[in-house]
Amino acid sequence: MAPQLLLCLILTFLWSLPEAESNVFLKSKVANRFLQRTKRANSLYEEFRSGNIERECIEERCSKEEAREVFEDDEKTETFWNVYVDGDQCSSNPCHYRGTCKDGIGSYTCTCLSGYEGKNCERVLYKSCRVDNGNCWHFCKPVQNDIQCSCAEGYLLGEDGHSCVAGGNFSCGRNIKTRNKREASLPDFVQSQNAILLKKSDNPSPDIRIVNGMDCKLGECPWQAVLVDEKEDAFCGGTILSPIYVLTAAHCINQTKMISVVVGEINISRKNPGRLLSVDKIYVHQKFVPPKKGYEFYEKFDLVSYDYDIAILQMKTPIQFSENVVPACLPTADFANQVLMKQDFGIVSGFGRIFEKGPQSKTLKVLKVPYVDRHTCMLSSESPITPTMFCAGYDTLPRDACQGDSGGPHITAYRDTHFITGIVSWGEGCAQTGKYGVYTKVSKFILWIKRIMRQKLPSTESSTGRL
């Protein structure tokens, strides 16, 4: 019985062997999912073959040095290695506004185009008023995380939300008769057209006027106003702000008993009573101190009388605008300080005196003068430069235009619109090297000017007021 049982067990074992084989051994296709054979590197002829990135790093794992041997270039190796180690971080195009992505190990770097910043170039810089004025043509105001553009009076905001479109033929600050190429050729010489502080010249010469200035052609300085006395002699300048308001210097007000205004003229040699505009009311800044009695305009200087040196004339009848008579635009304080006064140049114009105590120039002159750094301005002056003043001009020329157009305009152009930035006020000496023209800083008085211009007073007898 026992031999029969043993035989049965042996037969059963032999019968089960094929089944066991099918359970232990997998088909090659299935087995390759789990087991992969790597081709052996550095075979007998490996070192004699040129580098191949597929053989070195794709078919087998390679080191950075091995990759370097293939590329033979550090930059190409670095680019490959950053992707090889952990994939391409730039594949999702993380850099906005056409920024350029550079992959790194576990990171990436965006190189932004001009005007954009942030890790992903996601911040548009011109949405800050501090950068290119927010791309606004006139005024820029920050609003939460954005900016808001607006325009000077008489202009409409363009559909793009940045540009300003003139709403009429005689909108402020428009130089209708453009200077074309003459603008670029305006002389870069300082002629501080003021000479309130004067020393007598040893050799007065008829050539000393707005030195190297150019004639301002008809319509090129349309905001220029001239203050004349009862004899129609010009004694100060002014700037047209609106049909009934003209800006000037406060120290001009006490120079004559009667003030009339002339506009639209480039030659004042001919008397013409019909062109005179009567002044209805005069507003002098409340902090301006008039010169003392017995004050001689050319020989004495009282600094107190030149701080807050600003006044506004109100006309009895409106000024008629034309292509030769246009007001200058009034800026906001921020726009003037942060944009206009950071330009290279301003433009001054006037009928400057020919020489010290000499007659006025009969033709209107214009020139551009650079803004002067405040610290340099203060160091150059023996008299204090107050916060209501700024300097413009050069320090190297030995001549300037003594006793010119006090009260006249200092204009700064921005995107083809001309804004009032200063009033010709005073200067130390005449033709002195290292000295600059000093101007009333209009940005300090924007609210004061607007408060006066909002008034609509009935016509009254000519009078002088203080506000």
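Cβ from N, Cα, C; glycine included.
As recorded in Swiss-Prot:
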SIGNAL    1-20  signal peptide
DOMAIN    41-86  domain 'Gla'
MOD_RES   Glu46  4-carboxyglutamate
MOD_RES   Glu47  4-carboxyglutamate
MOD_RES   Glu54  4-carboxyglutamate
MOD_RES   Glu56  4-carboxyglutamate
MOD_RES   Glu59  4-carboxyglutamate
MOD_RES   Glu60  4-carboxyglutamate
MOD_RES   Glu65  4-carboxyglutamate
MOD_RES   Glu66  4-carboxyglutamate
MOD_RES   Glu69  4-carboxyglutamate
MOD_RES   Glu72  4-carboxyglutamate
MOD_RES   Glu75  4-carboxyglutamate
DOMAIN    129-164  domain 'EGF-like 2'
CARBOHYD  Asn254  N-linked glycosylation site
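Non-local neighbours of the domain 'EGF-like 2' (129-164) in the same chain are 115, 171-173, 329-332, 334-335, 338-339, 414-415, 417, 419; each lies 6+ residues outside the stretch with a CB under 8 Å from one of its CB atoms. Fewest Cβ neighbours within 10 Å among the modified residues Glu60, Glu66, Glu69, Glu72: that distinction goes to Glu72. Of the recorded residues, Asn254 (N-linked glycosylation site) and Glu72 (4-carboxyglutamate) place their C-alpha atoms 84 Å from one another. Separation of the C-alpha atoms of Glu72 (4-carboxyglutamate) and Glu66 (4-carboxyglutamate): 10 Å, rounded to the nearest whole number. The DSSP breakdown of the domain 'EGF-like 2' (129-164), given as helix, strand and coil counts, is 4 helix, 14 strand, 18 coil. Summarising the environment of the residue listed as 'N-linked glycosylation site', the number of other Cβ atoms within 10 Å of its Cβ, over all protein chains shown, is 14.
Rounded to the nearest whole angstrom, the C-alpha distance between Glu66 (4-carboxyglutamate) and Glu60 (4-carboxyglutamate) is 11. Rounded to a whole number, the distance between the Cα atoms of Glu69 (4-carboxyglutamate) and Glu60 (4-carboxyglutamate) is 15 Å. DSSP assigns Glu72 (4-carboxyglutamate) to coil in the three-state reduction, placing it in neither a helix nor a strand.
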